[in-house]
Amino acid sequence: MAGARSRDPWGASGICYLFGSLLVELLFSRAVAFNLDVMGALRKEGEPGSLFGFSVALHRQLQPRPQSWLLVGAPQALALPGQQANRTGGLFACPLSLEETDCYRVDIDQGADMQKESKENQWLGVSVRSQGPGGKIVTCAHRYEARQRVDQILETRDMIGRCFVLSQDLAIRDELDGGEWKFCEGRPQGHEQFGFCQQGTAAAFSPDSHYLLFGAPGTYNWKGTARVELCAQGSADLAHLDDGPYEAGGEKEQDPRLIPVPANSYFGLLFVTNIDSSDPDQLVYKTLDPADRLPGPAGDLALNSYLGFSIDSGKGLVRAEELSFVAGAPRANHKGAVVILRKDSASRLVPEVMLSGERLTSGFGYSLAVADLNSDGWPDLIVGAPYFFERQEELGGAVYVYLNQGGHWAGISPLRLCGSPDSMFGISLAVLGDLNQDGFPDIAVGAPFDGDGKVFIYHGSSLGVVAKPSQVLEGEAVGIKSFGYSLSGSLDMDGNQYPDLLVGSLADTAVLFRARPILHVSHEVSIAPRSIDLEQPNCAGGHSVCVDLRVCFSYIAVPSSYSPTVALDYVLDADTDRRLRGQVPRVTFLSRNLEEPKHQASGTVWLKHQHDRVCGDAMFQLQENVKDKLRAIVVTLSYSLQTPRLRRQAPGQGLPPVAPILNAHQPSTQRAEIHFLKQGCGEDKICQSNLQLVRARFCTRVSDTEFQPLPMDVDGTTALFALSGQPVIGLELMVTNLPSDPAQPQADGDDAHEAQLLVMLPDSLHYSGVRALDPAEKPLCLSNENASHVECELGNPMKRGAQVTFYLILSTSGISIETTELEVELLLATISEQELHPVSARARVFIELPLSIAGMAIPQQLFFSGVVRGERAMQSERDVGSKVKYEVTVSNQGQSLRTLGSAFLNIMWPHEIANGKWLLYPMQVELEGGQGPGQKGLCSPRPNILHLDVDSRDRRRRELEPPEQQEPGERQEPSMSWWPVSSAEKKKNITLDCARGTANCVVFSCPLYSFDRAAVLHVWGRLWNSTFLEEYSAVKSLEVIVRANITVKSSIKNLMLRDASTVIPVMVYLDPMAVVAEGVPWWVILLAVLAGLLVLALLVLLLWKMGFFKRAKHPEATVPQYHAVKIPREDRQQFKEEKTGTILRNNWGSPRREGPDAHPILAADGHPELGPDGHPGPGTA
């Protein structure tokens, strides 16, 4: 088959042009004036229930006398006498008049032969078409029955259908018109053949009026067919009687396999019946399961396609100047199809192109039309699919427009026009002809169930069809429901050379809409003077400036012979753009009506005929003290056609002519600009300013005229604003108007007229006022009601080289704890020539918690000495080492923390050195303050993990003493090392800090629920003496660092703490008394002892030589009595040490025993015995 279908013919149809009710309402006021006359519509009514309007056609009779007829089919009209039926249908002809009920029934189909036929419900008038002016008419009854063997057992009734062809005067002349046409009569009957032919469901004439086209969708089991027969117009056509007929299945072959339609919708159905009849209306349909289907070849897949449901023709569809026929099959392949056919032989129509539908059950091909929409010489194809729907986009009904590509149809992506849901958009189509006289045919689309029904008018163009409807006719406007079910156009019924439109309905009513002639108006606005010089008053009296305006009109129309007198009403509106901005106009019209506003003037001009030029004058005066001297004064001319009053026509009078209308595609307005003579704008008289916002930064207000810039973030572009109760904040702004290039100052930097700075504030800031360092530079700033939008006048004009600096005072009352950023949008504005862009001033808002932390250690110096003890040997805290106490104080100078979050005081306690040995042993942690009612200051984790005994009595006593008054016993006792380390071998100092990795810390965290003033954390600990003796005995000094900080847990992201940490150092030394013993090398001591012994020996020898040891003789005396006392072993050692002169102390942590057996030796007189040095001597054994 020629013209194969493309793989994706719907590739470009995704865009659906839907014009629903809302759009119709928006456009109706404009569309009603273009160009079908709704107000003067002619209404025709038929018998109730007759379906008068089911089909319609426009017809013009030329012989024997000119007459225009509205042909209306009424397929349910009552039967005529003699037809022996109740309802047979009929064709009605309505004259062009104002009467609504003056239609008469065309006299056809008289009588009935009940032995051969039945006319009951034959639906005469189901279709009606006219050849045009002076042409024939065809109307059909597709349910007409042919009968055989009436009242016999083998009686048959075949719904073959039939058509009537009438002459132009609505009479039947059998010798020329053929009278009754029944091509299915006499053919094989039954629904598989021609028993349900239903000829005349669609009928049409070829554009050359040579052929008559019939659609018979019921043939071949509703596969359908199309038939083309010669339609003789006169004796000249008698020579071509052998031309046809042509049929899709073959006139002679009558072969259903030749029917060119795709697969059908009902393959696989089983007929189940217990009635002895072949009438398919009495069959019950059942779908067979796959297992129940009989094996064998597949059945005919083209049944029930309804080929011939719509039919038309055109020349040039496939080949230039060659006539082709188009038939619709709306149920083919469940989607519908349209087939383009050509004559192949004396009896066959051969398919050339097949176009398939897009969606299932869309009814593609239900209606169709052929028209050259783009006037390229190749007719295009319009196809209706009224059952199309799109659920997501809420579309219902579609019309596809295929633009002929030089006879090639493969790969064409049609334009899809859509209607509203359930509207049946596309059930009827009509070619209107050139409705607007632009050289391109127009079409009409019916949507009878869109509200009360609508008809959409689409204009053709060089690109095809304009997707936006130019006019929408509504059934509601004429009081008809199901309006638009049938359409007919392309004929001029009233003689004004514009085609008209006849619309039918299912409400027994038809309406004719006549097209209005279109006027093309030319207009011109003249202005004097062209420029306004404010220094040259020219009004009467010489005090003001005036401007004269003149407007002139003329028109042309199609046809050139149409030349009525028309009246145009015009309005001149000054300062239109300024008023749209809400500003006061600068002019006043002097020649205006009193009821008109001062910025408007109106008038009327009468144009007697085409090309007649008529003018009107007006004058306006410029107001005094005009500020806007740069923007031009815009004068807008608008005009409209004065509509004549409708006069009531008396019965019997002819139709009044329709009033003309202005071309809707031609603008009916014109703008003219009147400029001011510009000063300070350079030689070109174009003010090219260079306004620049060189500074926009947030500041803290120190005084009324003193501001301090806020600190900037690390990016250098965002200020940091601390929310600490300050009521206002300043925004420093500096604006300049300097040339962008000093080397070319004439390029820009001209005066900036009406220079403004527009400030848009966030909800958290509100305008409060403006300040300037120089009062002369203070701009005028005005804000709106809620102080969120500020306009500052910078000058009118802001001169070349000017610079202004000022501060906006902004209230911070709207800033809350949720506010994280302040962004103020700034935009410079001027009516001078300059492209300006908005800029933003930003500040990051943070909430600074007024918490401070400080710490101290008591004492700040610790000493170590003694002996090394293991961890298991520790029983009490006194066994560990020197005690130390830390106090960390947190102060709150602001609001309660409860409103912001949860705060924690953390202390990093260095409990180990890097190798894991104890450093500072935590004994006790207590928090004083910082708690709410009923809350305890519990810190975690718990200290004293070795559970050493706490000497609470001794602790309380020592805490009350200042550090310098502590007992010597609290100092470290030197170790009993007799191998002291020299000072030269000692290192300088070591720092033990967790932050440096030289120590390991445990973090004690204490919650601060709520406090107003201060909270104090007390931490007691002990210096682990053994670690220092083992690791740092050769170190001169050690610095132990304890760190503390405050953390806050809060959902507020912009909290910030300053001074939220502290460092508490403690110096640790080897005990200074241990340094005396251990600071001298051993060999020095040995030499000193030997030297001392030598000196002693020499001294004794010298004294002996001198007789020092010889005593004088004394008289004998009574020798006193002594008591023997046992001296403890440890005291003996002390006595020995005192004799040698070496001073030693007890080991640290080993107190001196003072028992009852350690007492001095008493002499006989009860007093202590004195030693050689004059002091009491120790007891002796």
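Cβ coordinates come from backbone N, Cα and C, glycine included.
The model shown is predicted, which means the values in this text are computed figures rather than measured ones.
Summarising the annotation, Swiss-Prot assigns disulfide bond to C94-C103 (among others). Mapped onto three states, the DSSP output places C94 (disulfide bond) in strand. Listed in sequence order, K44, W69, L70, L71, V72, D102, C103, A510 are the same-chain residues at least 6 apart in sequence whose CB falls under 8 Å from the CB of C94 (disulfide bond).
The disulfide bond annotation in Swiss-Prot covers C140-C163 (among others). Around the Cβ of C140 (disulfide bond), the same chain contributes L124, V126, S127, V128, G161, R162, C163, F164, Q199, G200, T201, A203, F214, each under 8 angstroms and 6 or more positions distant in sequence. In the three-state DSSP assignment, the secondary structure recorded for C140 (disulfide bond) is strand.
Taken from Swiss-Prot, the feature disulfide bond applies to C184-C197 (among others). Neighbour density for C184 (disulfide bond): within 10 A of its CB lie 27 other CB atoms from the protein chains shown. Reduced to three states, the DSSP call for C184 (disulfide bond) is coil.
Every protein chain shown contributes to the tally, and the Cβ of C539 (disulfide bond) ends up with 14 other Cβ atoms within 10 Å. Residues or ranges marked as disulfide bond in Swiss-Prot: C539-C546 (among others).
Within the same chain, the residues at least 6 positions away from C552 (disulfide bond) whose Cβ sits under 8 Å from its Cβ are H523, E524, S526, R613, V614, C615, G616, listed in sequence order. Annotation source Swiss-Prot lists disulfide bond at C552-C615 (among others), citing similarity to another entry.
Taken from Swiss-Prot, the feature disulfide bond applies to C681-C687 (among others). For C687 (disulfide bond), the number of other Cβ atoms no farther than 10 Å from its own Cβ, over all displayed protein chains, is 23.
Over all protein chains present, the Cβ of C781 (disulfide bond) has 19 other Cβ atoms lying within 10 Å. Annotation note: C781 (disulfide bond) sits in a strand segment as assigned by DSSP. Taken from Swiss-Prot, the feature disulfide bond covers C781-C792 (among others).
Look at Swiss-Prot and you will find C1001-C1006 (among others) tagged as disulfide bond, backed by similarity to another entry.
Taking Cβ-Cβ distances under 8 Å and a sequence gap of 6 or more within the same chain, the neighbours of N86 (N-linked glycosylation site) are L78, A79, E120. If you look up Swiss-Prot, you'll see N86 (among others) marked as N-linked glycosylation site, on the strength of sequence analysis.
N786 (N-linked glycosylation site) falls outside any helix or strand according to DSSP and counts as coil. Positions annotated as N-linked glycosylation site by Swiss-Prot, on the basis of sequence analysis: N786 (among others).
Listed in sequence order, V1035, K1036, S1037, L1038, E1039 are the same-chain residues at least 6 apart in sequence whose CB falls under 8 Å from the CB of N989 (N-linked glycosylation site). Classification of N989 (N-linked glycosylation site) by DSSP places it within a strand. For N989 (among others), the entry in Swiss-Prot reads N-linked glycosylation site, with the evidence type sequence analysis.
The feature N-linked glycosylation site is assigned by Swiss-Prot to N1025 (among others), with experimental evidence given as support.
Cβ neighbour count for N1045 (N-linked glycosylation site) (all protein chains, 10 Å cutoff from its Cβ): 18. Here Swiss-Prot flags N1045 (among others) as N-linked glycosylation site, drawing on sequence analysis.
The repeat 'FG-GAP 2' annotation in Swiss-Prot covers 110-175 and is backed by sequence analysis.
Look at Swiss-Prot and you will find 350-411 tagged as repeat 'FG-GAP 5', backed by sequence analysis.
Look at Swiss-Prot and you will find 412-467 tagged as repeat 'FG-GAP 6', backed by sequence analysis. Each residue in the repeat 'FG-GAP 6' (412-467) has a pLDDT score, and their mean in this model is 94.
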Spatial separation of C1006 (disulfide bond) from N786 (N-linked glycosylation site) - C-alpha basis, Å: 46
What is the Cβ neighbour count of C681 (disulfide bond) at a 10 Å cut-off, with all protein chains included? 20
Which entry in the list of glycosylation sites, N786, N1025, has its Cβ near the fewest other Cβ atoms, using 10 Å as the limit? N786
Write out the long-range same-chain contacts of C546 (disulfide bond), meaning residues 6 or more apart in sequence whose Cβ is under 8 Å from its Cβ. N538, C539, A540, L590, M619, F620, Q621, L622
CB neighbours within 10 A of C197 (disulfide bond), counting all protein chains shown, number 33
Least buried by Cβ count (within 10 Å) of the disulfide-bonded residues C103, C615, C792, C1001, C1006: C615
The correct DSSP tally for the repeat 'FG-GAP 6' (412-467) reads 0 helix, 26 strand, 30 coil
Counts of helix, strand and coil residues, the motif 'GFFKR motif' (1107-1111), according to DSSP: 0 helix, 0 strand, 5 coil
For C163 (disulfide bond), list the number of other Cβ atoms lying within 10 Å of its Cβ atom. 26
